[in-house]
Amino acid sequence: IVGGTDAPRGKYPYQVSLRAPKHFCGGSISKRYVLTAAHCLVGKSKHQVTVHAGSVLLNKEEAVYNAEELIVNKNYNSIRLINDIGLIRVSKDISYTQLVQPVKLPVSNTIKAGDPVVLTGWGRIYVNGPIPNNLQQITLSIVNQQTCKFKHWGLTDSQICTFTKLGEGACDGDSGGPLVANGVQIGIVSYGHPCAVGSPNVFTRVYSFLDWIQKNQL
């Protein structure tokens, strides 16, 4: 995240770090699954991916879970970057504590342009910059779909965009992480023009994939 601030411990108990063995993407948790982006999982094997929960610091080990299965949406298109959603089934139930909690998923698609949303992640703090040790947080705004379509040709209704200003937004390593409105995850970090150069960030719209998520969380 470019332009963010250090997230306090326990404020985002649903956020996890995916590692192989270094941090490569973010995700959010339910009892047995991690929700993330498809592009995070493509080319990875379940044997190399671990899920790290319960800490805002990358160098402080809390709860570590092994991946049992990597599930990529079969309609994921790596050229158009649509249907960019995936799940990791972990090898045992995630144990909930004050610092490890599931994220709520949306029951309706009520989010609209101008709404404030919170993005969290351990992505780079500027283009080609370092990965921060402390989880970063930033408040962004939802952008009108039409405006976003001008900037990102091929945008679909199953995607959602954010923008605030130049110098704020997602960066490499934030992918797969949660975009949250009022405690409900509405987006998954998908792509943007790296990084924070004045163009909207694009997220997978969680509401559009509720059926897929349910079907694949056996």
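A Cβ is built for glycine as well, from the same backbone N, Cα and C atoms used for every other residue.
Annotated features in Swiss-Prot:
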| type | residues | note |
| --- | --- | --- |
| ACT_SITE | His39 | active site, charge relay system |
| ACT_SITE | Asp84 | active site, charge relay system |
| ACT_SITE | Ser175 | active site, charge relay system |
| DISULFID | Cys25-Cys40 | disulfide bond |
| DISULFID | Cys148-Cys161 | disulfide bond |
| DISULFID | Cys171-Cys195 | disulfide bond |
| DOMAIN | 1-218 | domain 'Peptidase S1' |
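The structure, with features from Swiss-Prot marked on it.
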| residue | record | DSSP (3 states) |
| --- | --- | --- |
| Cys25 | disulfide bond | strand |
| His39 | active site, charge relay system | helix |
| Asp84 | active site, charge relay system | coil |
| Cys148 | disulfide bond | helix |
| Cys161 | disulfide bond | strand |
| Cys171 | disulfide bond | coil |
| Cys195 | disulfide bond | coil |
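Fewest Cβ neighbours within 10 Å among the disulfide-bonded residues Cys25, Cys40, Cys148, Cys171, Cys195: that distinction goes to Cys148. Each of the recorded positions His39, Asp84, Cys161, Ser175 was scored by the other Cβ atoms within 10 Å of its Cβ; the lowest score goes to His39. Asp84 (active site, charge relay system) is 14 Å away from Cys161 (disulfide bond) when you measure Cα to Cα.
When the CA atoms are compared, the recorded positions lying within 10 A of Cys40 (disulfide bond) are Ser175, out of the candidates Cys148, Cys171, Ser175, Cys195. The recorded positions close to Asp84 (active site, charge relay system), defined as a CA atom within 10 A of its CA, are His39 out of Cys25, His39, Cys148, Cys171. When the disulfide-bonded residues Cys148, Cys171, Cys195 are screened for a C-alpha within 10 angstroms of the C-alpha of His39 (active site, charge relay system), no residue qualifies. Ser175 (active site, charge relay system) sits 5 Å from Cys25 (disulfide bond), counting Cα to Cα. For the pair formed by Cys171 (disulfide bond) and Cys148 (disulfide bond), distance between Cα atoms is given as 18 Å, rounded to the nearest Å.
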